[in-house]
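Participant: Below are the structure tokens for one structure; questions will follow.
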Amino acid sequence: MIRSWGPISQAFVASLFTWGVTALGAAVVFFIPPSSKKLLDISLGFAAGIMTAASFWSLLAPALELAEVEMGRFAFLPVAVGFAAGSAFVYAADRVMPSCMFSGMSVVDLLKEDVTVVDPKTVKSLDAIVEESISMVKLKESNDNIARIRQTETNDATAATSNTGGSTSDATTTAVTATENDSRAVNKEETLASSISWRRILLLIIAVTVHNVPEGIAVGVAFGSAGKTPKATFESAFALALGIGLQNFPEGLAVSLPLAAFGHTKMRAFFYGQLSGMVEPMGALAGVTAVVLMEPILPYALSFAAGAMIYVVLDDIIPEAQRNGNGRLASLSSVVGFLVMMALDVGTS
């Protein structure tokens, strides 16, 4: 049925599917322990293989075929330009994010550290803030004991006042003041912890969302270019959307699992996990509209999407999959992912 639709409708529906698979991956947080790093690493490796294969079979190969019609043996030039531009786009997006001074940090690092201050001169004071937050958490845990001690001191001081007169009134005032200071410290800790928590979540969502934009664009470009060359077909675009959907599963998991592991409710972790894929329909509409309106840019658009996806694989997904001691499993799952995507593309064409 979808085959008879226009390219814009096809791209939009396909991108809704990829968003849905992101939500499905985020929903895994309800069924597995948040500390299950092995599953996450295997899933990320699988995603890397799928994205690598999709970049060639569904994007670069059609781009080269289109460019050969106009430029012959120099067909690699527009493809190279588009590929470099796509990689530069993701690199620039990383740099302009609030975490640009901490670009080496992973998803888990973003959740563990407060990286909202981007001026490198403020990193030292930032560490002090984090240490203050930790010490305040410890203070909160012992607050009940502190309150009981202060209350005992107050009662003792009051009893002493009845025996010795006004000479101990200063002790009573001091005890009450200390109790009030402890209460203010706890309130300050709660406010600081809440602020840091929400900024971490926002930063994490921005990071994953930026990396989902190229995937949405790739889906839109693939459907917009369908029928333009023998290799740019509806089946190829469909396989690309299916492959991106499959690799979105671990992306949703990569957001929801660390959130749950660091104390957020599973419902909140799921919500933010699926939210990261919401940008893909918008990227798909932008990509397909550009291709439909400006057909000559097809080689550039296809290779742009490929360059963006490959950069994400090399800069983010593979390093993340290798960081928890499951590198060999992640590499094997990358090979499996590549073979699955190749079979999908070739088998459906």
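Placement of Cβ uses the backbone N, Cα and C atoms for every residue, glycine included.
Remember, predicted model here, so these are calculated numbers, not experimental data.
Below are the features I grabbed from TrEMBL:
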- 152-180: region 'Disordered' (REGION)
- 12-32: transmembrane segment (TRANSMEM)
- 39-60: transmembrane segment (TRANSMEM)
- 72-93: transmembrane segment (TRANSMEM)
- 201-226: transmembrane segment (TRANSMEM)
- 238-262: transmembrane segment (TRANSMEM)
- 269-291: transmembrane segment (TRANSMEM)
- 297-314: transmembrane segment (TRANSMEM)
- 326-344: transmembrane segment (TRANSMEM)
Participant: At a C-beta cut-off of under 8 Å, are there same-chain residues at least 6 beyond the transmembrane segment (269-291) that contact it? List them, or none.
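Facilitator: Sequence-distant neighbours of the transmembrane segment (269-291): 7-8, 10-12, 14-16, 18-19, 21-23, 25-27, 29-30, 34, 201, 204-205, 208-209, 212-221, 223-225, 248, 251-253, 255-257, 259-260, 297-298, 301, 305.
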Participant: What residues elsewhere in the chain lie close to the transmembrane segment (326-344), defined as a C-beta under 8 angstroms and at least 6 residues from its ends?
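Facilitator: Distant Cβ neighbours of the transmembrane segment (326-344) are 37-38, 41-50, 52-54, 57, 239, 242-243, 246-247, 318.
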Participant: Which of 12-32, 39-60, 72-93, 238-262 shares the most C-beta pairs under 8 angstroms with the transmembrane segment (297-314)?
Facilitator: 72-93
Participant: Cβ under 8 Å, sequence separation of at least 6 from the ends of the transmembrane segment (12-32): give me the contacting residues as numbers and ranges.
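Facilitator: Sequence-distant neighbours of the transmembrane segment (12-32): 2, 5, 39, 43, 212, 215-216, 219-220, 223, 237-238, 241-242, 244-246, 248-257, 259-260, 266, 269-274, 276-278, 280-281, 283-285, 288.
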Participant: State the residues, same chain only, that lie 6 or more residues beyond the ends of the transmembrane segment (39-60) and have a CB under 8 A from a CB inside it; answer 'none' if no residue qualifies.
Facilitator: 25, 32, 79, 83, 218, 221-222, 236-237, 239-240, 243-244, 246-251, 253-254, 257, 302-303, 305-306, 309-310, 312-313, 317-318, 320-322, 324, 326-327, 329-342, 345-346
